[in-house]
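A short write-up of the structure that comes next.
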């Protein structure tokens, strides 16, 4: 049966063992959906294998047994302790009288109890949780069975009487065993022949090792011997484990040899269960240790990919093998069903050829029929391995041909977790193939497991086989020249970067294709994290370097990143040093538009000068008096990119990573989430980076601007008289920014305390300081946006100076600094050509988890979007975008929110929108809302299907208090609807957003932009009599459809302070736009809700 996972996931195999006796059977599938995430669970190809009773037949094939109920069973199913007929006639006493069965109900029968075994039953037995709940003979808690009571270091031995094989029949032993609770448990079956003179060394016939589950498993051994022989069953328990035996059935071909009572002289008594020949234990080493040369190698150093013995004995039989040795490279079968893995010569297998070498006399590992009655698939495992290095790979040759229900897989087993790392493609087409699998860095202990399922009863050359298995590059300490190549464009390979395997989400090196394109050439390779390929359950994916020795005391790491999608999560860069906590250097959250962005960060490696320094990325160095948070140039460091998904809608990508000696320029964006971004404090006061996650601080906002949570970070200065006397100044100075080739806009968010804290002054220092912004007002509960135009043809710094007013409980805080090319837009006005202009697009905590995006028609995208924008009317123009099809039922929304804007008596908001809903949405709507301290009010809304054109919208707005505007996208979806295909997906887009008087007429979508003169003004109330007098014919609608047909007023509890001064920058606008520079401060919120 296959479990189809929604969102483009691949199927995975599920199986369950059903073995009731004389019971009614019912199977129930249950699925639980996470209410906060979209997803689909699908079932397909449900099949019951060998569950029904045999079909009655008039005649049976040759040599088959005809049951009393007319069913037919194979000869080997007679008298095997199982009801194969369904009416017990195949286990009838008359038919099985020539078999010797021991069910331990009354004793040991013919078997000799040498040591370590005890007869017991479930009722009143051990309280061990791994103890059998029922015996096999009666399927009852009162039934008896044999269990090992030997110490873990000593085997329990059960010996048969001496037999002779009576030709032409072989002697066969059917037995049921229980192996549960410990991976160290082992049951072995030996044959000891009695040649003239003395007994021979025993021969191992069968070995079962490890954890097989709480069930009785059937097995059978066939014996051919010219000399008298004994059968020995030796069980060695592991700590906390149980080994049991029941229903030992000897065939008619086993003829006892008369003998005296008791074991004869010279009977072999096994020691601890034999290990592979290269791991034989010697008496003068402690138990479990390997002796080689003059060394005693402890168990944890066996198969750790680091050679301890001169001859490499500690690394033999550790998975690498061509299967020519009888030890099969340490691979052990752990199957409990009708299939098993067995080492076979080519001429005895139904698989054509013999591996990659095609040697007809060679051996390989092949799926074969087995005697087990439980399970379906066959399993074979390596010994315990690890730790492994990041470049560890498994190379193999394999053969696989099967019906669609069959499969061949490689699984990594780590404790109770199982990770599928490789699967033979499709159902196989026959012929040997070669492949390789990246295993990566893994902790010890882990094991590798091949899992196979093929219907060998079907006609044709169906089968599965493995040969020439090689583990390469697995040493965790080995290093190559490539491991030092941190700078990488990923065109050739991944250089020194490797994928972490401690989570089930993985970075993959992929080639540019369709909407996925690299940064280097647009047609090359890059690293991609897609949470649905394959579907990931864990939240994180890691991309790491090997530990590197720094080349200088300061290094600059630069890279290009791509975060795109409505539910993308966080990309983070961190640095690791042995023995110290992971140091976060950089992070970005949420979608950043459908384009590549450059980022850089400085790594600081301090020399050992006898004085201990604390590393604070981006902050000034200061003596702490305590250590050891310091580095010498020889201390290795490890870089880590961590992708933290927030859902399944969106991808992360990395390209063109470069490392060079020396510091980086100041970053273009700083959220203060990971560091102070190189800002240094000066003057009388002290700016500090803080969070309110551990409770309210002495001063500062309750939440930051970036995450809008108490866990977020920001910079704040205490302006109270005790910390900063009246008239005194505290400065915050950036590192040097690179020279600007063209004008740029520096935006930042600031928060002022309710009591007047003083003045915030912003300077640009480029060969001389010049003041560019002065803010002085009472504060509030909201973060506000500030912006300054910057022109600097040489290196420059930005300086924030806080001048105290001498008021108690006063502070000034800063967050989310951003430097973008081009002049600053006027507040809340945006044509989206350079970005979102300060509009907040990230989801508010708990409001659905989806966000608006930024794109253009020319940029390849996995989501539907308009071919051209409205501003330029070309595919190169940009717009704000939301992919509506990702919203599921349940009242979710996606929000696009303006900065807080001052009150207005009458203003007009004007914008262009392009929208459409998938057909399965029976209601969807784009809304404009006003948010203020008094609540939220919808002032405009529209719904629509696929329209494929830009439409104009305008809203009259009046508010006597500060407010925000919100774009909201709501929709309703029929609960029973299927998930839409890409052809039915759609989007909602915005362009040429402007808030001001709207009586200027309209322009065609392709109208060119014209410059406007620079304006500098103080925000004040402006009264307009009819801000939306002119209406475009294409946007006229009835009053019922257009809530903006009359003004909407919000009353204020008090006047808005008018002492804030914001010089407005020069800008260029489309003819349709009327900007906010004539308006008092207000705020808009765009949102996309679903009802």
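Including glycine, each Cβ sits where the backbone N, Cα and C put it.
The compositional bias 'Polar residues' annotation in TrEMBL covers 1019-1035.
Sequence annotations record features per position, and here TrEMBL assigns disulfide bond to 60-72 (among others). If you take the C-beta of residue 72 (disulfide bond) and look for same-chain residues 6 or more apart in sequence within under 8 angstroms, you find 54, 57, 60, 61, 64, 65, 66.
Taken from TrEMBL, the feature disulfide bond applies to 67-85 (among others).
Taking Cβ-Cβ distances under 8 Å and a sequence separation of 6 or more, the neighbours of residue 303 (disulfide bond) in its chain are 314, 315, 318, 319, 330, 382, 383, 384, 385, 386. Look at TrEMBL and you will find 303-318 (among others) tagged as disulfide bond.
What TrEMBL records for 100-256 (among others) is domain 'MAM'. Across the domain 'MAM' (100-256), the model assigns an average pLDDT of 85.
Among the features that TrEMBL reports, domain 'MAM' is placed at 319-476 (among others).
Positions annotated as domain 'MAM' by TrEMBL: 486-666 (among others).
What TrEMBL lists as domain 'MAM' is 668-826 (among others).
Positions annotated as domain 'MAM' by TrEMBL: 828-964 (among others).
Per TrEMBL, region 'Disordered' is recorded for 1000-1064.
Counting other Cβ atoms within 10 Å of each Cβ, the lowest count among the disulfide-bonded residues 60, 85 belongs to 60. Long-range C-beta contacts of residue 67 (disulfide bond), restricted to its own chain and to partners at least six residues apart, with a cutoff below 8 Å, comprise 54, 73, 85, 86, 87, 89, 90. Counting Cβ atoms from all protein chains shown, residue 318 (disulfide bond) has 25 others lying within 10 Å of its own Cβ.
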